[in-house]
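Novice: Okay, handing you the structure first.
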Amino acid sequence: MPQPVLYNLSLAELEELMRAWGQQPFRAKQLYRQLYLNLTNDPAAMSDLPLPLRVRLHHEAQLDPLELVQSQQADDGLTRKALFRVSNGALIESVLMIYADRVTVCVSTQAGCAMGCDFCATGRMGLLRNLSCGEIVAQVLWACRELRAWQVKLAATPHTPIMSTGEADTQWWGSESGAFSERVTHQVNRVTNVVFMGMGEPFANYERWWAAVERLHDPNGFNLGARNMTVSTVGVVPGILRLAEAPLPINLAISLHAPDDQLRSTMMPINRRYPLAELLAATREYTERSGRRVSFEYVLLHGRNDHPYQAMALAKLLRGQSISKGPPLLCHVNLIPWNPVPGVPLSRSERSRVHEFQQILRDYGVACTIRIERGASIAAACGQLAGH
Ligand code: SF4
């Protein structure tokens, strides 16, 4: 019999397990609290459980399905990347980002990715396998433990790291100008945001990914607000339509990266399956059904998708003035200067071009920010996760 992985089990399933082990059902609640509130991943430390149960958990259940292989830090320790080994030996990565007013963890939903976007390190790996609900949840819990350890260390040291706050539009050039500009004024003592933007396409692993969303949201356990979670898709239309019907209002980000089908198909093979007209129609349906705004991610590549005429075409697309006819889409554009990937002969847009691109979008009435750069020196930034 394979050992149950505790992070794979809902509270009801834990109660079933406890019953099968001859325990009172309330033990499941105690165990659940240990896992998701106390962040315990060692049965020996679950002091409110009787010793025989702790021993049985140690021998007959698996607590943490992730083996930490390596962790790295950048940005004065405010960005932390973890490399984990999962059960078939595949490697995945997660990134913790500490800001003055929030703490975000970026988690993977697959080991590798089948989508093959040509600017992305993960896409070059191919798909190794889908992650389980427990493997997705465990990345968030790692981030919580890492944050807790950082805060203990911070309390013991007079040095206070400096960091940027606020919107990304003026500060993305962090590594060049030393943009970490503001001293920490207060400590956020828990992970406040989870973004499913690490390795993999979440909608290609929808069931397990959604189980992880529900687990993290569960008020009996981790209790993270649905609006504090964001899923990013490459543009898998059935997933977008399914999310529109989902019972939890989590945020949706769509990787767009090009304003026309010809270019987008060369960058992102998924566009041949779900071309822009279909993608934008699904997005419109999503915003109308859910009433929620969508974020479009747009990675900027020098000379490829960063020309002013492309900014104008993008603006028209989102304003409903070209192939996507109708009222302006309820949306926001997040520009991401491309992060280098070894062996990929592309380069990031110049700073002035990024700002020009942003201004054009704004002039057309499209809300637009530039993402704060984090973790590029440890290959933890967008598109750089490759399981090394
Ligand atoms: S950008 Fe996202 S969907 Fe595309 S290959 Fe990379 S991980 Fe996969």
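Each Cβ is built from the backbone N, Cα and C atoms, and glycine gets one as well.
TrEMBL feature annotations, pasted as is:
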type	residues	note
ACT_SITE	GLU93	active site, proton acceptor
DOMAIN	99-377	domain 'Radical SAM core'
BINDING	CYS113, CYS117, CYS120	[4Fe-4S] cluster binding site
BINDING	GLY200, GLU201, SER232, SER255, LEU256, HIS257, ASN339	S-adenosyl-L-methionine binding site
ACT_SITE	CYS382	active site, S-methylcysteine intermediate
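What's the neighbourhood like for these features in this structure?
Specialist: All protein chains included, GLU93 (active site, proton acceptor) registers 27 other Cβ atoms within 10 Å of its own Cβ.
Predicted-model confidence for the domain 'Radical SAM core' (99-377) is 88, expressed as mean pLDDT.
CYS113 ([4Fe-4S] cluster binding site) carries neither a helix nor a strand DSSP state and counts as coil. Of all Cβ atoms in the protein chains displayed, 25 besides its own lie within 10 Å of the Cβ of CYS113 ([4Fe-4S] cluster binding site).
Sequence-distant neighbours of SER232 (S-adenosyl-L-methionine binding site) (same chain, 6+ residues apart, CB-CB distance under 8 A): VAL195, PHE196, MET197, PRO202, ALA253, ILE254, SER255, GLU297. Following the DSSP three-state reduction, the secondary structure of SER232 (S-adenosyl-L-methionine binding site) is strand.
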Novice: In whole Å, how far does the CA atom of HIS257 (S-adenosyl-L-methionine binding site) lie from that of CYS117 ([4Fe-4S] cluster binding site)?
Specialist: 10
Novice: With the cut-off set at 10 Å between Cβ atoms, which of these binding-site residues ends up with the most neighbours? Options: SER255, ASN339.
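Specialist: Ranked by Cβ atoms within 10 Å, first place goes to SER255.
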Novice: Listed binding-site residues are CYS113, CYS120, GLU201, SER232, LEU256, ASN339; which sit with C-beta under 6 angstroms of ligand 1?
Specialist: CYS113, CYS120, GLU201
Novice: For GLU201 (S-adenosyl-L-methionine binding site), what is the tally of other C-beta atoms lying within 10 angstroms of its C-beta?
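Specialist: For GLU201 (S-adenosyl-L-methionine binding site), the 10 Å Cβ neighbour count is 27.
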Novice: Report the residues of the chain - excluding CYS113, CYS117, CYS120 - with C-beta within 8 Å of the mean position of the site's C-beta atoms, for the recorded [4Fe-4S] cluster site, in sequence order.
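Specialist: Going along the sequence, the neighbours appear as MET115, GLY116, ASP118, PHE119, ALA121, THR122, GLY123, ARG124, VAL234, MET268, GLY383.
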Novice: Can you grab the distance from ASN339 (S-adenosyl-L-methionine binding site) over to CYS120 ([4Fe-4S] cluster binding site)? Cα atoms, rounded to a whole Å.
Specialist: 9
